[in-house]
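Participant: Please read through the structure below; I'll follow up with questions.
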Amino acid sequence: MEQQPRVYPNAAPFNLEPGHGGAGAGVYPPLPTHHGPSANQQQQQLGGGAGPHSWVGNDANTLLVVAALITTLTYQLGTSIPGGYWQQDTTSAGRDGKTPVTYRAGDPIMRDLHRPRYWVFMGASWVGFASSMVMTLSLLVRMPVGSRHVRWSFAVAYSSLVLTFVVSQPKTHLSVDIIVWLAVLALLWAVVSLHPDRRARAIRDLCCDGRET
């Protein structure tokens, strides 16, 4: 009795005709797979371009180290007031030159003698401390490097170090110190936000136009 060949209805078809590749010609090729944009491509889209001189080219781990350093610096600034502290109770004439004022041991000298400058200094240190923590948390929860949370917190935290430095100088005017801080903040924001080509064009316009004229 002649055996009949077994038929598998779910099997892939085989083309056994001559000139069509033999038995392997009926095997269907795998379907192409489509992948979405990678994490680096998403960061490049958020950051407005990528390259060796762009903000999104930074590594998240490197920015975490920078944020930790800023947090440490602002913490030390907040606990080390310029001018030091009164070593003992000191009584001297007040601002009117008549009423005696007693300064307690352990109180900041800057707060008693330069109160407006003291509060600007403390505000800058606290803002820098909070902004660096926001930057750290944003990076730890895997927010893109090019997101506004990371860029804005970096610009505020880094510029606050400049403000605390200029305010600690007793012979500068307080309004000038604040103007310097605002200028540094705008510069940092432009550096981390503008596309490298636009940033280079802006620098070229600022530096070269004056020389040509």
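Positions of Cβ are set from backbone N, Cα and C atoms, glycine also.
From TrEMBL, here are the annotated features:
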DOMAIN    54-166  domain 'PGG'
REGION    1-53  region 'Disordered'
TRANSMEM  118-140  transmembrane segment
TRANSMEM  152-168  transmembrane segment
TRANSMEM  174-194  transmembrane segment
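Have a look at these and tell me how they're positioned relative to everything else.
Facilitator: Note on the domain 'PGG' (54-166): mean pLDDT across this stretch is 88.
For the transmembrane segment (118-140), same-chain residues at least 6 beyond its ends with a Cβ under 8 Å from one of its own Cβ atoms are 60, 63-64, 67-68, 70-71, 73-75, 77-78, 81-82, 108, 110-111, 147, 149-150, 153-154, 156-158, 160-161, 163-164, 167-168, 174, 177-178, 181.
Long-range contacts of the transmembrane segment (174-194) within the same chain: residues 48, 55, 116-117, 120, 124, 151-152, 154-156, 158-160, 162-163, 166-167, 202, each at least 6 residues beyond the stretch ends and with a Cβ under 8 Å from a Cβ of the stretch.
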Participant: By DSSP, how many residues in the domain 'PGG' (54-166) are helix, how many strand, and how many coil?
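Facilitator: Reading the DSSP string over the domain 'PGG' (54-166) gives 73 helix, 10 strand, 30 coil.
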